[in-house]
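Novice: Here's a structure for you.
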């Protein structure tokens, strides 16, 4: 049996995105054959000045384009020159979004070929500002909006989306956008950005991706903003909220089947954990803030141990922030320690401590703690300040996921450096303004000894004549390849063991050259190859009996690479 990429994981390749090659011809179908002006206005098919002489004759494009014919590569060069002329990141973001709406293949080729430069533009940190100003810059719908007005009609509204073969949905309710709080309906920039990365980095076909925003109101911060695009009412909670989410999840499964991946994105803590627990046994669901963040941080830690020495179980961890990201990371670390040592999970959790807004999480606070914090309450006297917790616990690893900027103060970092030769410090909060400390602060305050990673990128730092290239613990290392692995295997559920496999696969991609440059996370320049290796989570899906696409390919990495979407232009009949 030959495994080929003609259908990208078993879903019909509507636009010939995978089955055709540059030398093969396809028909640009919309409701009818697109030609002339309509072809230029269709982002799936538009090639701009790259239309050949024959295509211009065949599809009535003569006179609608200047006479020159240019290559795809020259278009990329031209667009990069244009984007680099903008000094303001939001202007670059808007230019990229305009390109995506005009020429989809050029957008993805541009992003793939220049991923390290453009990733901070199409996603964090720039996407945070884009969400804050989404009402001002909104031009054209890029996904589906479900508000309380659509309650009882979600199944019908889903049918309004033109693509019918959906593989991945990223959905948010806008309540906790990055570290920026409740942005309501304007959180749509997050699903749009995430799915752009699913396609560019993980090779999922753009036509198989659906961004969704659930609008149940907001905190009324936009009540006086005349350009706000969402409901102008207080956020719905309780039964009203649950019923809308139930209807949405049921409708998605009815429309697209059991194998569609639903990624929950930027839900508030109280909903994020509940939704994952509620639907995890009945749907293929994934929470990037809880599971994706955990997987990439665990990979970074596993790689960092090559520089520090020792196993995970020999280290002590202190977290600032006990929300969905912090507790998700902690649980995956505890699971990996349990897997490595055979020690029960309840015991490995005791190596991990947490500080929230009220101080160190200890057993004397148990009755007042939210359910997801209780596993991390250990025997210790109460401690209010982070620096005192550091001095008392003496962690070897300090991880920030608090969303509170500049909380890793000079005193905190210096305390870490007093009892650690190489303190591991991960300041993970996004965007950059909310990072617990900067790369420069971590290196200078630790006298160049820290092993540092952040959620958003920082420029290389020079300290005492040495250049330090800090790692970026960006979820984009994990979720695109993770999603690809689920799709190519036809997985019907996500299992924690898959997250451990993804972490191990990413850690294995860190080279000796990376270590010599002071980073324990591989560069984004190789991200599509990294994603193909992370897609080995498919093997775990087969092992656990959760895969439905049979038989299992012999070489999953090669199969994953063959299934990846290519932005190369196609020739039209």
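In case you wondered, yes, glycine gets a Cβ from its N, Cα and C as well.
OK, Swiss-Prot features for this one:
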ACT_SITE  123  active site, proton donor
BINDING   176, 289, 430  NAD(+) binding site
ACT_SITE  194  active site, proton acceptor
BINDING   265, 266, 289  divalent metal cation binding site
SITE      289  site 'Important for activity'
BINDING   318-334  NADP(+) binding site
Novice: Determine, for the divalent metal cation site, the additional residues of the same chain whose CB lies within 8 Å of the mean position of the CB atoms of 265, 266, 289; present them in sequence order.
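Specialist: Going along the sequence, the neighbours come out as 172, 176, 177, 190, 264, 267, 272, 287, 288.
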Novice: When you average the Cβ positions of 176, 289, 430 for the NAD(+) site, which other residues in that chain have a Cβ within 8 Å of that mean position?
Specialist: 177, 178, 179, 266, 324, 325, 403
Novice: State, in Å as a whole number, the widest CA to CA span among the NAD(+)-binding residues 176, 289, 430 given in the record.
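Specialist: Of all Cα pairs among the recorded NAD(+) binders, the widest measures 12 Å.
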Novice: Around the C-beta of residue 318 (NADP(+) binding site), how many further C-beta atoms are within 10 angstroms, looking at every protein chain?
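Specialist: 22, counting other Cβ atoms within 10 Å of residue 318 (NADP(+) binding site).
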Novice: For residue 321 (NADP(+) binding site), what is the secondary structure by DSSP, using just helix, strand and coil?
Specialist: coil
Novice: When you put residue 266 (divalent metal cation binding site) at the centre and draw a 10 Å sphere around its Cα, which of the recorded positions 194, 321, 430 have their Cα inside it?
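Specialist: If one measures from the Cα of residue 266 (divalent metal cation binding site), no recorded positions come within 10 Å, so the answer is none.
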Novice: Between the binding-site residues 176, 289, 318, 327, 330, which lies closest to residue 194 (active site, proton acceptor), Cα to Cα?
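Specialist: Closest by Cα: 289.
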Novice: Secondary structure at residue 430 (NAD(+) binding site) (DSSP, helix/strand/coil)?
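Specialist: Once the DSSP labels are grouped into three classes, residue 430 (NAD(+) binding site) ends up as coil.
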